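Everything below concerns the one structure shown next.
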Amino acid sequence: MSQLRATKPGILVCAAIGIFVFLYLRNPTSEDPEEGPTHPAVVECGFYPDELCSALFEGKEAALQIAKFCKDPHGSEIVARLHRPGNCSRISRELHFITRPLSAEEGTFPLAYIVTIHKELALFVQLLRAIYLPQNVYCIHVDAKAPKKYKTAVQSLVNCFENIFISSKREKVAYTGFRRLQAEINCMKDLVHSKFQWSHVINLCGQDFPIKTNKDIIRYIRSKWNDKNITPGVIQPPSNKSKTSQTHREFTPEGNIYASPNERFRDDPPHNLTIYFGSASYVLTRKFVEFVLTDTRAKDMLRWSQDIHGPERHYWVTLNRLKDAPGSTPNAGWEGNVRAVKWRSEEGTVRDGCKGRYVQDSCVYGPGDLPWIIQSPSLFASQFDSAEPLVVTCLERWHRLRVLGQAEVPEEPHWHFQRESHLNRRLNP
């Protein structure tokens with residue numbers, strides 16, 4: 001039986017010490033001070049990555065100690081494969097993309113995805129291969145500020161898949177600024193005018209990751225949300241009024257773009273709309289998207305949103321509360337498990353603490369957050385970054401095991417991340 005599955009934590013501590021000693025012996029400290037310090041070769045921590053992941057999912061304390069020096073090198077391997085010469089067949093195979101619909105149920109219910117990205121190339125590839133299926137369609141918005149090398153790498157990957165494309169118009173996206181909303185509108189226009197059929201659209205960013213399978217997502221949509229949009233939110237609370245009553249402008253310090261408040265107060269909402277406040281995440285029907293792109297109220301609301309703070313947290317939920325909008329939910333509140341986020345403001349109340357670190361008041365997950373993530377009822381989790389690569393590596397192995405466990409077609413060998421999985425299958429009901 002694997003040491004990491006042992007019930008006594010003392011065994012895990014011994015394992016951690018043993019691995020550390022082995023790494024130290026393989027990478028002794030240089031006696032030449034000018035050579036600088038050496039670090040354990042991260043690849044040495046990959047003997048049993050699934051077993052370490054299993055221990056992390058089970059919340060074993062010793063596994064957290066091991067994870068501190070086992071920084072998975074997976075990201076650099078992914079980027080290297082993208083830059084290596086070769087054909088698209090090799091790329092899809094080596095990057096473990098699933099190349100066939102996994103069931104008739106999924107094949108007849110195509111989804112559309114809008115993915116906005118600006119950094120973290122390896123994380124984007126991991127996200128894309130987790131949500132990719134050939135019957136779906138994907139619009140990728142690459143931030144206009146992104147480095148040329150990054151844009152080229154994304155384009156080379158996208159070129160290998162007929163149902164993935166870069167948005168026709170790119171924006172310089174600002175945190176809480178209008179251009180994030182505009183970027184998604186641009187993708188919606190492209191999706192509506194594409195040759196692909198799709199029933200619902202889901203928006204993601206490059207630091208998100210699925211915690212439900214494609215089949216799970218479809219069944220969730222078809223449950224109480226059938227033909228309805230999912231836009232969690234409520235009537236704008238008084239504490240949030242300044243976000244829309246005061247104008248905001250975007251400015252660029254040292255290449256970054258931010259939205260900053262002005263002292264000028266703005267006009268009332270168009271058409272006497274009641275403003276709602278909610279999540280920036282959504283699942284929208286195609287008919288609602290077509291409504292957003294053509295309805296006068298939606299267009300006027302978009303113009304009105306150009307200089308408010310965080311317009312994406314007002315725009316979708318406000319329009320989805322209109323009684324005559326397709327698939328609207330006028331009386332809904334915060335219902336809808338779209339994205340799991342640990343907010344700083346909720347720590348100690350509705351959420352346990354962030355085991356990683358907070359950035360912009362939301363948790364960037366660490367290994368200690370994995371048990372909470374996989375128990376969440378949400379479809380996706382946010383947010384992840386390359387500082388803790390093992391988190392996404394573990395999560396995608398767990399997710400792929402679930403995906404293939406639901407498959408109703410023969411599996412291809414390259415759909416697996418390795419020939420034999422050591423992940424604890426009890427984690428995948």
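Glycine too: its Cβ is placed from the backbone N, Cα and C atoms.
Annotated features, as they stand in Swiss-Prot:
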type	residues	note
DISULFID	C53-C205	disulfide bond
DISULFID	C139-C354	disulfide bond
DISULFID	C160-C187	disulfide bond
DISULFID	C363-C394	disulfide bond
CARBOHYD	N87	N-linked glycosylation site
CARBOHYD	N272	N-linked glycosylation site
TOPO_DOM	1-8	topological domain 'Cytoplasmic'
TOPO_DOM	26-429	topological domain 'Extracellular'
TRANSMEM	9-25	transmembrane segment
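Swiss-Prot feature annotations superimposed on the structure.
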residue: C53; record: disulfide bond; Cβ within 10 Å: 28
residue: N87; record: N-linked glycosylation site; Cβ within 10 Å: 9
residue: C139; record: disulfide bond; Cβ within 10 Å: 25
residue: C160; record: disulfide bond; Cβ within 10 Å: 15
residue: C187; record: disulfide bond; Cβ within 10 Å: 27
residue: C205; record: disulfide bond; Cβ within 10 Å: 22
residue: N272; record: N-linked glycosylation site; Cβ within 10 Å: 6
residue: C354; record: disulfide bond; Cβ within 10 Å: 20
residue: C363; record: disulfide bond; Cβ within 10 Å: 26
residue: C394; record: disulfide bond; Cβ within 10 Å: 25
N272 (N-linked glycosylation site) and C187 (disulfide bond), Cα-Cα, nearest whole angstrom: 28
Cα separation, C363 (disulfide bond) to C354 (disulfide bond) (Å, whole number): 6
Confidence summary (mean pLDDT) of the topological domain 'Extracellular' (26-429): 87
Candidate disulfide-bonded residues C53, C160, C205, C363, pick with smallest Cα gap to C139 (disulfide bond): C205
Spatially closest candidate among C53, C205, N272, the listed recorded positions, to C394 (disulfide bond) (Cα to Cα): C53
Proximal residue to C160 (disulfide bond) among recorded positions N87, C205, C363 (C-alpha distance): N87
Rounded to the nearest Å - Cα separation of N87 (N-linked glycosylation site) and C205 (disulfide bond): 27
Top Cα neighbour of C363 (disulfide bond) in the set of recorded positions C53, C205, N272: C205
